[in-house]
């Protein structure tokens, strides 16, 4: 039969390691005399109410009465002599338990007196106790200073006083200070009782003076705050003036832009931080797009007769013009300028309006020049923009050449 080795738990292994460090070996018992247990207690699954290490078969295997009889018999010695038989004990150990009777003072009623026909009859024990108390007074446990002096025969912790060195001068000085302090207190009380009315008048005057001082301090603080506010407003006003000047210079610089930006109706955008500035910039972009589309439809040309789109230029070959057509174009240009100015009036300041008036005049001049060029379209000849490039014939001439080739 093969014996299965015991599987030791982690706790058992740790306990064995600790015991081995201290010189224990397997098979030895615990304790100084090595008479303790040799095997560790093992806890199994409990399904009863018994405690740990309980042996249910102990009551059948442990014969305690026989052990007790043998122990008492061994302790007794029987001596037989002339006078008879004597029993003697070897040890003073008692085989019986000494059951001490508990005191019943706080468990039951204590009898102190008996009542006989409505009269109290005290016990003799109490009377004897009272007589003893009257004869010998019990000294207190905590002694007073006087009792300590008597017991120590007038000695104190000041060892120099035993030789004769005392602090009479210091004690006299302290007593004089205390008397002077008490005299001052008594004098102040007497003055307070004798003159209650005279003290009330100066107290009212003091209150008035305090109020006046507080009012003066409040006035001075208000003045200082007012001066600080004025200085702050002056500085902010100066800063705003400087900012306005800078903005004005920027707007004038943008207004004197290139001719192409003027043709497209470009104006220097005023950098505004509010929501109105954002709305005005959006409106300007829409107007520029419209203006560009109208110029492309009308075939706007610049001062030199060059088309804005960069295509071939038309040169006037005759003096014939259409007055009705030119007047109509001028009206449309003027209406566009008026609508732009009316929409911008609400969002602009006085300084910006002046700048816009200058721009309006320049636009009007440019429109008049463009219209003068566009009215001369009856007899035109098509040429290249640059002199070095090849001249292009009129589209009608091209059509005639194609017909000739086909014939």
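Glycine is no exception: its Cβ is also placed from the backbone N, Cα and C atoms.
If you look up Swiss-Prot, you'll see 1 marked as N-acetylmethionine.
If you look up Swiss-Prot, you'll see 4 (among others) marked as phosphothreonine.
Residues annotated as domain 'G-patch' in Swiss-Prot: 11-57. When pLDDT is averaged over the domain 'G-patch' (11-57), the result is 85.
A 10 Å cutoff on Cβ-Cβ distances gives residue 46 (SUMO2 cross-link) a total of 10 other Cβ atoms nearby, all chains included. Under the heading SUMO2 cross-link, Swiss-Prot lists 46.
Here Swiss-Prot flags 116 (among others) as phosphothreonine, drawing on similarity to another entry.
Annotation source Swiss-Prot lists region 'Disordered' at 116-138 (among others).
Positions annotated as compositional bias 'Basic and acidic residues' by Swiss-Prot: 118-138 (among others).
Annotation source Swiss-Prot lists phosphoserine at 128 (among others), citing similarity to another entry.
The phosphoserine annotation in Swiss-Prot covers 130 (among others) and is backed by similarity to another entry.
Look at Swiss-Prot and you will find 187-407 (among others) tagged as region 'Disordered'.
Residues annotated as compositional bias 'Polar residues' in Swiss-Prot: 191-201.
Look at Swiss-Prot and you will find 224-237 (among others) tagged as compositional bias 'Basic and acidic residues'.
Positions annotated as compositional bias 'Basic residues' by Swiss-Prot: 238-248 (among others).
According to Swiss-Prot, the feature phosphoserine maps to 258 (among others), an assignment based on similarity to another entry.
For 282-291 (among others), the entry in Swiss-Prot reads compositional bias 'Basic residues'.
According to Swiss-Prot, the feature compositional bias 'Acidic residues' maps to 334-346.
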What does DSSP call residue 46 (SUMO2 cross-link) in the simple three-state scheme? coil
